[in-house]
Amino acid sequence: MGFFDVFKRKKREEKDKENIREDDEEVIEEKEQEETGESEGVSDSESDSDSESVSESGSGSEKEGQIKESAGDEKDDKSGRKEDKEKKSGVFGRLKKGISKTSGRIIGGMETIFLGKKEIDEELLDELEELFVTSDIGVSTTMKIIDDLRNDVSRKILKNPQQLKNALKQKLTEILDIDNELVKTDDKPYVILVTGVNGAGKTTSIAKLAKMFKENGMSVMLAAGDTFRAAAIEQLEIWGERAGVPVVKQKAGSDSAAVVYDAVLSAKSKKIDVVIADTAGRLHTKDNLMNELKKISRVVKKEMPDAPHEVLLVLDATSGQNAVAQAKTFGTEIGVTGVILTKLDGTAKGGVIVGIVDEMQLPVKFIGFGESMDDLKPFDAGEFVEALFESADETDYS
Ligand SMILES: Nc1nc2c(ncn2[C@@H]2O[C@H](COP(=O)(O)OP(=O)(O)OP(=O)(O)O)[C@@H](O)[C@H]2O)c(=O)[nH]1
């Protein structure tokens, strides 16, 4: 199995896990029903022990009624518990929970606008437009979405708010669904350069990525390329220890291109699969920063002409439209190949993901939605939009 298939496999495994969990829950529920004699097709004579205990302490029909009643309550309780568990556990459940604030702002806001409306009029479209702009979707992307919807309304394709809601779901999926597979190569090691401003979540995301690769049977090496701050090197070392992966470093102030180059050489000789390089998020000037990032790429290319294979820009979703501005700066200057959008859990500004993809045509390759090591996943447009809408359906905004 190749390096890139891992991500397809990971997505498949996540879906399988969800299914297995559902199956397991059903089996457990069936077993529990059998134990309480509630399972369909279990006759009184078949469930001897149950009927014995009924007759032991009460008259048949009265007791049976009570048992059925309490079994019914129990059943409601169980299915409630099952729903609860499904909501909370599993990657999809955590994603839904993580993006609930964004979901509340966009989808919940839309539901509020739709309240009591049976038809789609110009006023409703104006309100939607305002909602999307204030939800960090961005002005140009919002105009595009609203113009398309207005068009479909005038052509009588969309006749009521429910149809409009479905059309929006489809539209968001279409916008977000651009090719976001990792860049393919037969090179080894696979070199990933991670960039982004300080505090965006670079170090945490590097650790999460390292863990994800390791769990998929790949060996990983980290390069402490943010030599601007001693603390950044220490932090990466701590994360490297936690994830159980080696970290190549030099002292603060040394040449970051040399650190990354050393890591690539070392990984090559040790036959390590993936090198993930941290880089500075801030230097004395923006030009210095961009020049350093370009230099790292140039130096690495001396050893591996196609490396870095990925230049991932870490953007903090809580910074809203600022994230789009950063995507523009980094994207044009240093040839970013994709985005890791972090902190989707702490914000209602997650709509920014739509603007980033639409305005920049920059693929979001991973999303971070929590502080735990497992709260990062390859981005899947269909799943994300589904989670966005489902999360709103499950939230009580009253
Ligand atoms: N809630 C939440 N917090 C996150 C996420 N990703 C990172 N963080 C937190 O954001 C803070 C900054 O993360 P770092 O990984 O240190 O950010 P950095 O970009 O490396 O920043 P510097 O080390 O200053 O360069 C930490 O407290 C992380 O725990 C996320 O997806 N969700």
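Just so it is clear, glycine is given a Cβ too, placed from its N, Cα and C backbone atoms.
Automatic, uncurated: that is what TrEMBL annotation is.
Residues or ranges marked as region 'Disordered' in TrEMBL: 1-89.
As annotated by TrEMBL, compositional bias 'Acidic residues' applies to 21-53.
Taken from TrEMBL, the feature compositional bias 'Basic and acidic residues' covers 61-89.
A simple way to gauge crowding: the CB of GLY196 (GTP binding site) has 25 other CB atoms within 10 angstroms, across all the protein chains here. What TrEMBL lists as GTP binding site is 196-203, 278-282, 342-345.
Annotation source TrEMBL lists domain 'SRP54-type proteins GTP-binding' at 363-376. Sequence-distant contacts of the domain 'SRP54-type proteins GTP-binding' (363-376) (same chain, six or more residues past either end, CB-CB distance under 8 Å): 91, 94-95, 98-99, 176, 178-180, 182, 201, 204-205, 207-209, 211-212, 242-243, 310, 312, 337-345, 353, 356-357, 384.
Among the binding-site residues listed (GLY199, THR279, ARG282), GLY199 have a CB atom closer than 6 Å to some atom of ligand 1, in sequence order. Within the group of binding-site residues (LYS202, ARG282), the Cβ with the highest number of other Cβ atoms inside 10 Å belongs to LYS202. A mean pLDDT of 93 is what the model gives for the domain 'SRP54-type proteins GTP-binding' (363-376). DSSP assigns THR279 (GTP binding site) to a strand.
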